[in-house]
Amino acid sequence: MTRWVPPRDVLLAWNRDHLWNPFTPMKNYLEEDPVIIERGEGVKLFDVDGRAYWDGYSSLWLNVHGHNVPELNAAVTEQLGKIAHATLLGSANVPAILLAKRLADLAPPGLRKVFFSDSGAEAVEIAVKMAFQYWQNIGRPEKRRFITMTGAYHGDTIGAVSVGAIELFHARFGPLLFPTVRIPYPHAYRHPSGDPEAAARDSLAALEAILRDQADEIAALIVEPVMQGAAGMIRMPDGFMAALADRLRAYDVLLIADEVATGLGRTGAMFAVEHDGVVPDFLTLGKGLTGGYLPVAATLTTDRIYEAFWGEEIEGKTFYHGHSYTGNPLGCAVALANLELMEQRKLLEHVRRLSARAEARLSAFRELPYVGDVRQAGLMIGIEIVRDRATKAPFPREVRIGRKIVARARELGLLTRPLGDVIVFMPPLATPEAALEAMMDILYRAIAEVTEKEAGR
Ligand SMILES: *Cc1c(COP(=O)(O)O)cnc(C)c1O
């Protein structure tokens, strides 16, 4: 039975009356004639009027094989014929065990334990709480503080916001948050020297100073390896993750690698930490884990951490944390199918080929007069727009240059979402090469047209 879909004007009215969208200034959104998606096919999305758009942001960084993928659909339906949900609290279900094993096999060596949740923010909360309790369980409760990095984004629950550092999103919740110690993320473009090496050196020096004085009080450091996403696609210099991990080991501080955005192929490696050969103590996954189908996230950790929670119930070492839908069988089944398809279709090789193609195309973007910087890690790409390339000064905020470019791209048939003045391009990993070219044609045209027009005002 297909449910009747009301016409667009009715949907919009009901959106206005009842639906509050996330991360969305509702007034602007409703005034700007929002897109209402009805279906998807491959790397295209179709709105309720039947207009087609390229999915230039993987439906917010999630999608892997495209939409309406027969194999993934079948995995959900098949599981649906057995059971939709069965709890993991003091019990187990088949797909959750299979997926835990599969992730442990895929993960960097040593990350053998998998704790499921429903979103990236929860996966981060779990890593933070596990790290905190770990030190208590082994008798070092004074190690209770966390180091985070400028521009960090780890999700929107209060714990995840506590380890976040994006002023626009996080500052107003300050009084609700636990305090952290912050070090700069190495951001070459905005570093006074403009030099990646110098940015990395400053960052490591700040870390070293903190560790030297306070390592006895520090539980863990959390980082988005290789590429900071929400901060505006900030690429760390090669080798930085290895240096960071090395310092933390030396001072016995745990490393939480938040790979909710970068994990599972997005950067051209299965996990971003692999570029530097780093094995963290915790690795969080979300977003692409189910191919963009269902909300499943995971926190991977080592035997060292797990064993500190091992003991009789009365010893009080148990990790008292969980969610109603933890390890949901439908989600785990589709995640398994997603990982199987990735392997069958040699998706990592495809991502590397496609990234090289994108990189070649991006050199023309760099020549555009109002493009300040182009940052890429595989199929995670950010194009920073500036008013003045020499001074790196942005367009005035009220111009909303990012929004305008994205609105023009939408008219031309591509959907994405800006991060301030950074235009995000994150196509589904399985995007065919011809589709990538078509998407980049639109992006280029939208950026060129809108920046020329706004600069000429
Ligand atoms: C998106 C994201 C999260 C939050 O994931 P949700 O599923 O939206 O809660 C956490 N960390 C990083 C690096 C992300 O990009």
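We count from 1, first residue shown onward.
Positions of Cβ are set from backbone N, Cα and C atoms, glycine also.
Curation does not apply to TrEMBL; its annotations are automatic.
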| said: If I go by TrEMBL, which of D49, D55, D252, D258 binds pyridoxal 5'-phosphate at the same site as G120, A121, H323, S324? | reply: D258
| message | What does the structure give for the C-alpha distance between G120 (pyridoxal 5'-phosphate binding site) and G322 (substrate binding site)? Integer Å is fine. | response | 14
| message | Among A121, D258, H323, R417, please name the binding-site residues whose Cβ is nearer than 6 Å to ligand 1. | response | A121, D258
| said: Neighbour count, 10 Å Cβ-Cβ cut-off, for R417 (substrate binding site): what number do you get? | reply: 15
| message | Given a separation of at least six residues and a C-beta threshold under 8 Å, show me what packs close to S324 (pyridoxal 5'-phosphate binding site) in the same chain. | response | T87
| query | For D258 (pyridoxal 5'-phosphate binding site), which residues in the same chain are close in space, meaning a Cβ under 8 Å from its Cβ, but six or more apart along the sequence? | reply | G120, A123, V124, A127, H154, I222, V223, E224, P225, T284
| When you measure from the Cβ of G322 (substrate binding site), which residues in the chain that are at least 6 apart have a Cβ under 8 Å away? | L88, L89
| note | Students should find that the Cα atoms of A121 (pyridoxal 5'-phosphate binding site) and R417 (substrate binding site) sit apart, in Å rounded to an integer, by 20
| said: So, three-state DSSP: helix, strand or coil for G120 (pyridoxal 5'-phosphate binding site)? | reply: helix
